[in-house]
Structures are given as structure tokens and as C-alpha cells.
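Novice: I have a structure here, written as C-alpha cells, and I will follow up with some questions on it.
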Amino acid sequence: MKIIRFGVSMPEDLLEKFDTIMEEKGYANRSEAIRDLVRDFIVRHEWEEGDKEVAGTITIVYNHDEADVVKELLDMQHDYVNEIISSLHVHMDEHNCLEVIVVKGKGSRVKTIAERLISLKGVKHGKLVMTTTGKELV
């Protein structure tokens, strides 16, 4: 892979903050940190397009005592068998459960799945985190 060198201009204060954070995170140099920022920018664009294949996790916390939440969660996971790769179930306490669902598919479809799961009655909190499949990322 050919590497291209280019210059970046920015205010000194901004660069100082960037350098501080870069060091805290353990980057060896600015180039590595900037490459990660550019990759993240590309991945976010893929999500926004909606037609690119993405991967991600849907994390939900729910009260398993709530009427039909467990049945609905399982039914929905079977409805999206092509996109839902795996799930992890954790008992947080005697009433609350944490479910981490690993998904892969078109961004728009993954968002729809997350919205449906998170909006179920009995779900106390939910979050979708999407990333790239890595196929189109350099």
C-alpha cells in the first residue's frame, strides 16, 4: 500500500489538546492517530448511507418480569436470523437482564432492528453501536 504524506494546518491550542489525548491513548505518533480519525470518519459515513454492510452490537437492559418482553425479544431475534449473529444474556440481578446482540447487515436494516428491540415494553435502556465489517476499510 502506497503511503502519501500531507500537511495539516490547525490552531496551536487544538494541536496541543490533540497531542495530549494522543499520548494518553498510547499512539506512537500523530500519523497513527490521524489515520484512526479518518477511518472513523469513513465508517460513520457508511452508517449514514444505510445501504452499506455494517456490523454492530445492540445492548439492552430489561426487566424480565415485564409481561411479554422475553418472548418478544426471542421472537424478534428469530425474525432477523440473517442479521443477528449471536447474543449474550447476563442476569444483572433478580429482575434485570442485560442482552448484547451482535448484528451484521445493511445499515438501515440494523438500525430498524435496534429501534424495534429498544422500543419494546419492558426495555429500560438500549444502545446501538455500529462499526465497519472491515471489507472496504484500508
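Backbone N, Cα and C atoms are what each Cβ position is placed from, and that goes for glycine too.
Look at Swiss-Prot and you will find HIS78, HIS89, HIS91, CYS97 tagged as Ni(2+) binding site.
Just tell me what is around each of these and how deep it sits.
Specialist: Classification of HIS91 (Ni(2+) binding site) by DSSP places it within a strand.
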Novice: Are there any residues in the same chain, six or more apart in sequence, whose C-beta is under 8 angstroms from the C-beta of HIS91 (Ni(2+) binding site), and if so which?
Specialist: CYS97
